[in-house]
Amino acid sequence: MSAAPDHTPTFAKHSITDRIGQAAPYLLVPVLILAGFIAIGAPTSWLTLTVSGLAMGMMIFIMASGLTLVFGLMDIINFGHGAFISLGAFVGVSVLFGLGGWTDAASLPLNIAAILLAILAAMLLTGALAWAFERVIVRPVYGSHLKQILITVGALIVIEEAIHVIWGGEETFLNRPNALRGAVTFAGAALEKYRILAVVVGLAIFFGLRLVLQRTKIGLIVRAGVENPDMVEALGYRLRLVFVGVFIAGSALAGLGGVMWALYEQVITAGMGENMMVLIFIVVIIGGLGSVEGAFVGALLVGLLQNYVAFLEPKLALVSNIGLMTVILLWRPQGMMTVAKGS
Amino acid sequence: MSEPILSLEAVETDIAQYHILKGVSLSVPRGQVTMLLGRNGVGKTTTMRTIMGLLRNKAGQIRFDGAEISGELASSRCRAGIGFVPEDMGIFSALTVEENMILAAVSGAPDRARLDWLFTVFPPLKTFWKAPAGTLSGGQKQMLSIARAMIEDRKLYLIDEPTKGLAPAIVSTMVGALRELKRQGASILMVEQNFAVARALGDHCVVMDDGRATWSGAMADLATDHALQERLMGLSMEAG
Ligand SMILES: Nc1ncnc2c1ncn2[C@@H]1O[C@H](COP(=O)(O)OP(=O)(O)O)[C@@H](O)[C@H]1O
Ligand SMILES: [Mg+2]
């Protein structure tokens, strides 16, 4: 390197505290689990609650991951996201009812195949609806949060009513597929089989999303676009098109989350997605707008805390997540893992 | 004389309700460096962003390489051959240096030979290839921002204040790199407040005042005429 400049580059070395600072959000999960252990005392109850908290967290993460990207990338507040959750659940459950022979069979492969088909149908339908939703509902209201809130809340209500009209009734009950009913016993604790499956699916989605975001050019564009959309355009990319793709994928994930949640609760209503939106917004906010990793950690914290507190002090279960949000925002007002806007 | 690579004709741009560019006309000859000068707040950055397409001109024409581009998106303008180094550098701090460069190579993977050349011009980019760009020093970020614009051959480079806030030693690296780009025949439109730098690199210059281009001519004429500098930019800048 003959043309080396006459200065020695200084690189801001990561100190130990910096490194801990970056990993801190991830560390909160084991810290909370440990705190739960100390507070609960009984190891078997603690293990059951932990698995159920993780399962709940994973499902919330699946529903929140798309919303955080849409929020972070295009600054769109979309309450309609809840409708995609409900719609996914109804479509998925209809498929499961249709495949009653497979779900009732005492065969794990057949049961899983039925669930996969239900998920596929839910994702295809919510994805297709999201494509139209983006064009008709979202596109005209860029740049105005107030209009976004009003029109997406309106759309949420319309889609919920449409679900009532199409599927009728208030509540639809369902059973989990045969091989996923009941619990396995591990170290004396009863762990519901379905919750273990939910954890596996959640992890798969998380690592899949990470892979796409870290290792593909589309992922680079999305991550860069969250930080500085103008510069991504100036480098030659049509962020709009990428955004439409993210919106469709994010809504399809909401549909997937809806199917998973339906099998978890074993009852679905048109308003189920709307009811989830409070927790989902908490997760998106504490994770940091636009951060999939932040949403992941945030969702696990919310799921775990909800389960621990419901056991220890049921009356506080509802306020515990608001408390969590307050504490985290006092610590990091932009959320745990937000990307700085600009440079 | 061939047609200029870029010409603006009575370009007007608003930011929110403010009328910022009030009719900018200028031209940038091919294969040469044109300096855009003027006091703070006269509209230099707004002009650059309007040319790039990040702001829309509400009146006037922008001709680039023979075509009117006012209606084009910024992304199309980049693909048509305009490279952009914004005033705030526009670094993606959460991405590594490598990822910033991969993104900048819009038509495929970065060209190896071109990358090696950039490493010799800006050695820190090689040293910190895998580091998050947010951890670079100010000068290194500027190097990355310029290298990003240069990773593929562009017909025109828009460079907004590349030496702002940099230590003198790094300024000289920057000047060396831009001189190298110029030697290769690039067409450049550059905003520069440091008159020594402007003089060292510029062939032509355009001076702006209050949303208009008020003077244009050869750099040599402006550099030697202190009275003219005084009149155009309100202060006599020492040629270093
Ligand atoms: N976002 C904005 N809102 C309102 N005024 C702005 C905005 N950005 C720039 N301006 C105004 O536009 C004028 C030109 O700014 P700019 O192009 O950045 O000037 P320069 O680069 O020559 O210093 C300034 O008076 C500035 O105050
Ligand atoms: Mg400026």
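Backbone N, Cα and C atoms are what each Cβ position is placed from, and that goes for glycine too.
All annotation found in TrEMBL is predicted automatically rather than curated by experts.
What TrEMBL annotates here:
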- A:23-40: transmembrane segment (TRANSMEM)
- A:46-71: transmembrane segment (TRANSMEM)
- A:83-102: transmembrane segment (TRANSMEM)
- A:108-133: transmembrane segment (TRANSMEM)
- A:145-167: transmembrane segment (TRANSMEM)
- A:194-213: transmembrane segment (TRANSMEM)
- A:241-264: transmembrane segment (TRANSMEM)
- A:276-304: transmembrane segment (TRANSMEM)
- A:316-333: transmembrane segment (TRANSMEM)
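Two recorded stretches are said to be in contact when at least 3 C-beta pairs lie under 8 angstroms, sequence spacing 6 or more; the transmembrane segment (A:46-71) and the transmembrane segment (A:145-167) fall short of this definition.
At the 8 Å Cβ cutoff, the transmembrane segment (A:108-133) and the transmembrane segment (A:241-264) share at least 3 close pairs (sequence separation 6 or more) and count as touching. Of the Cβ pairs linking the transmembrane segment (A:194-213) with the transmembrane segment (A:276-304) and spaced 6 or more residues apart, 3 or more are under 8 Å, so the two regions touch.
The stretch from A:83-102, A:145-167, A:241-264, A:276-304 that makes the most Cβ contacts under 8 Å with the transmembrane segment (A:23-40) is A:276-304. Counting only same-chain residues 6+ beyond the ends of the transmembrane segment (A:276-304), those with a CB under 8 A from a CB of the stretch are 25-26, 28-29, 32-33, 36, 50, 53-61, 63-65, 67-69, 71-73, 79, 81-82, 85, 206, 209-210, 213, 226, 261, 321-322, 324-325, 328-329, 332, 334-339.
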